[in-house]
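Features of the protein shown, as given by TrEMBL:
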type: DOMAIN; residues: 10-336; note: domain 'Amino acid transporter transmembrane'
type: TRANSMEM; residues: 12-35; note: transmembrane segment
type: TRANSMEM; residues: 55-74; note: transmembrane segment
type: TRANSMEM; residues: 86-105; note: transmembrane segment
type: TRANSMEM; residues: 125-143; note: transmembrane segment
type: TRANSMEM; residues: 163-184; note: transmembrane segment
type: TRANSMEM; residues: 204-228; note: transmembrane segment
type: TRANSMEM; residues: 257-277; note: transmembrane segment
type: TRANSMEM; residues: 283-304; note: transmembrane segment
type: TRANSMEM; residues: 316-336; note: transmembrane segment
Amino acid sequence: MISSFFSIGSGWVFYLVVTVQTAINAGVTTGSILIAGNCLQIMYSSLFPDGPMKLYHFIIIVAVVLSFLSQLPSFHSLRHINLGSLILSFAYTILVSAACIRAGMSSNAPVKDYSLSSSKSEKTFNAFLSISILATVFGNGILPEIQATLAPPAAGKMMKALVLCYAVVFFTFYLPAITGYWTFGNQVQSNVLQSLMPDSGPSFAPQWLLGLVVVLVLLQLLAIALVYSQVAYEIMEKNSADAAHGRFSKRNLVPRVALRTAYVAACAFVAAMLPFFGDIVGVVGAVGFIPLDFVLPVVMYNIALAPPRRSLVYQANVAIMVVFTGVGIIGAVASVRKLVLDANKFKLFSDTVVD
């Protein structure tokens, strides 16, 4: 995404885009670490219901593993991990959706409640919060530096890559969302595994299936965190690395290990201190994905190609910019509002993930 903005130089817009993109990547990495730790906690709690380990212990474990994996030197070196991540996504989607359908059709199916809040203001804020979350979901196809790895002609290949990406996103996000909501109604958790494995009462799926799903999503989250951390690593190492020395020389290896480990530790600290998964996704979508995916591209198009101000293309771009700027602002307010409301439900370094 950053590479598409070089046509306008290195002014304030470029640095604004870099800042927003870095914030998004940090948010995604933080959320991935949080849910990976939560998955380990779910597995641990099913085996040791009265065990002493807390959520932040598992977040530390995930951070240590991610710190080792983050030493892979470049985005290109993650290509096999990306392929494995795709396979894991399909496997997780199919298994967790099948578990939801089985639970919904079983004799001890949970009570379903599909009602909405009676408050009009609550409905409005929730609607814009949902838009922010959807922006995060479908913005995933934009942020990774796919374009920079494609041989010319980039435009046609990028379009094919995005179509494939959105097809995968639609399948892997909507199938569990639909089956999970059908089974548990408005009480479904952001991490549907928590609904399938409630704190009290029996699980709604076989233990072996749930254990396999937890392993799949854990590995998938590690892959996601690795991909989204690469932009931050490249920015940090732009000034710390020395091209005159080898990639694995002491001169480059020491600062790379130190900077990447510090970055992972910072994301893990935030995840452990503020375990708001659903709220993090909403905030990231509102302040990051919406402006970066729907506002800045049309602004850059008008600046770079300069269509006539009275042309349909120019007017349509301005309309898109205005509409999604408003959506982003309202979505940010809704997300922060939800974050403040949820802050009353827990204390710092809580042992549970707040939806």
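Just so you know, glycine gets a Cβ as well, placed from its N, Cα and C.
Annotations in TrEMBL come from automatic prediction, not curation.
Keep in mind it's a predicted model, so treat the numbers as computed, not measured.
For the transmembrane segment (55-74), the neighbouring stretch richest in Cβ pairs under 8 Å, chosen from 12-35, 86-105, 204-228, 257-277, is 257-277. Proximity of the transmembrane segment (257-277) to the transmembrane segment (86-105) is not established, fewer than 3 Cβ-Cβ distances being under 8 Å for residue pairs spaced 6 or more apart.
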